[in-house]
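J.: So TrEMBL lists these for the protein:
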DOMAIN    6-160  domain 'Electron transfer flavoprotein alpha/beta-subunit N-terminal'
DOMAIN    204-285  domain 'Electron transfer flavoprotein alpha subunit C-terminal'
Amino acid sequence: MKKLCIFIEHKDGVPTSNSQKILYMAQMLKKQYGYRIIAIVMEQNSESFIEYLKTIEVDEIYFVTLNEKNKLLFLKEEIDNLVCFLKEINPEVAWATNSSCYRILFPKVAYSLHTGLCAACSDFKYDEDSGRINMVRTVFSNNAYAQISVHRSRPVMATILDEKGTYNLERNLTFPEIHDITDRILLIRDNQAIKIMKELESINLDKSQIVIGLGNGIHDKSDMDLFEKLSRLLNHAAIGGTRELINRQILPQNCQIGSTGTQIFADIYIGFGISGSPQHMQGIEHVKKIIAVNNDPYASIFQHADYGIVGDMYEVANYMINYLGGKDT
Ligand SMILES: Cc1cc2nc3c(=O)[nH]c(=O)nc-3n(C[C@H](O)[C@H](O)[C@H](O)COP(=O)(O)OP(=O)(O)OC[C@H]3O[C@@H](n4cnc5c(N)ncnc54)[C@H](O)[C@@H]3O)c2cc1C
């Protein structure tokens, strides 16, 4: 029987609306195509949620109990443990919520499983001819739907968007199997890991009103001082950036804005040295005003910007600092 793993979350024992949507999609896949639903819960205080899950149509429940020190699974060894576990289960499909936790975790898991990740999907389509699950997501700034077909790798991994709908979930017909896999997945955390986690949690990109976005135009990590100064003068604007800067280790992973990073809802976004790739632009499509600074007048970010400045990002940042009352550096 084909298996479907769903990574879901709860609030006070009740599935989040995003998790309800995933449960609903999973139940459709089970009802119509006979998939076995394997629910995976990795959170603190999940007892009442597991009690709830026993009452609805899922076949197996695996849970990892996180504590204060293990709020997120992000240590490499823990991700390796999760990957081993998934290899054993060998699901055809793996879906997770689009929460900040899974937006960070799922790309890493997909990479380790040598499969792709369909980010921020809204639905699935079953291809009757091939028996494949295709994922559905919006493209071109929500103006069209596209189906993503995964041909060569398994599982089909996707994060599912929260559409805050109402879902009538099927009650359970059989009692699900329940397994505690906490010891199998988690390591004892050391202080360094806790420090990284605190840093990770302290950035609130999706809640900031002003966001400074940095791209590959930045030369060196030491240049961050300039943009941190600008951030302070802009009422402590949050700093995020493109995947290039995560790859270059100039910014930590949680600062990535885009389809496989965080989606932001700021009033103002100022993008410095960013070309405007579709993956990055997806992360800023809900921003009210986009200001783009790029020394290439043909950079595609200008097509989406409300204000464009063609110029050197360092000169422009210095000018802004000066204008806002800080000293020129
Ligand atoms: C599956 C997948 C998922 C991805 N997900 C994401 C994602 O979530 N987020 C994301 O951001 N990317 C993502 N990417 C990567 C994405 O495709 C682009 O590679 C990336 O966004 C480009 O980053 P960039 O604009 O910083 O770099 P570049 O494309 O290299 O652009 C740098 C820009 O800086 C300008 N510049 C250079 N020097 C200066 C200067 N001194 N002053 C002013 N301008 C200057 C250049 O003209 C250029 O336009 C993903 C890719 C894949 C394949």
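Heads up, the Cβ atoms here are built off N, Cα and C, so glycines get one too.
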J.: List the helix, strand and coil residue totals of the domain 'Electron transfer flavoprotein alpha subunit C-terminal' (204-285) as derived from DSSP.
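T.: Residue counts in helix, strand and coil order: 30 helix, 17 strand, 35 coil.
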J.: Calculate the per-residue pLDDT averaged over the domain 'Electron transfer flavoprotein alpha/beta-subunit N-terminal' (6-160) and state the result as an integer.
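T.: Mean per-residue confidence for the domain 'Electron transfer flavoprotein alpha/beta-subunit N-terminal' (6-160): 91 out of 100.
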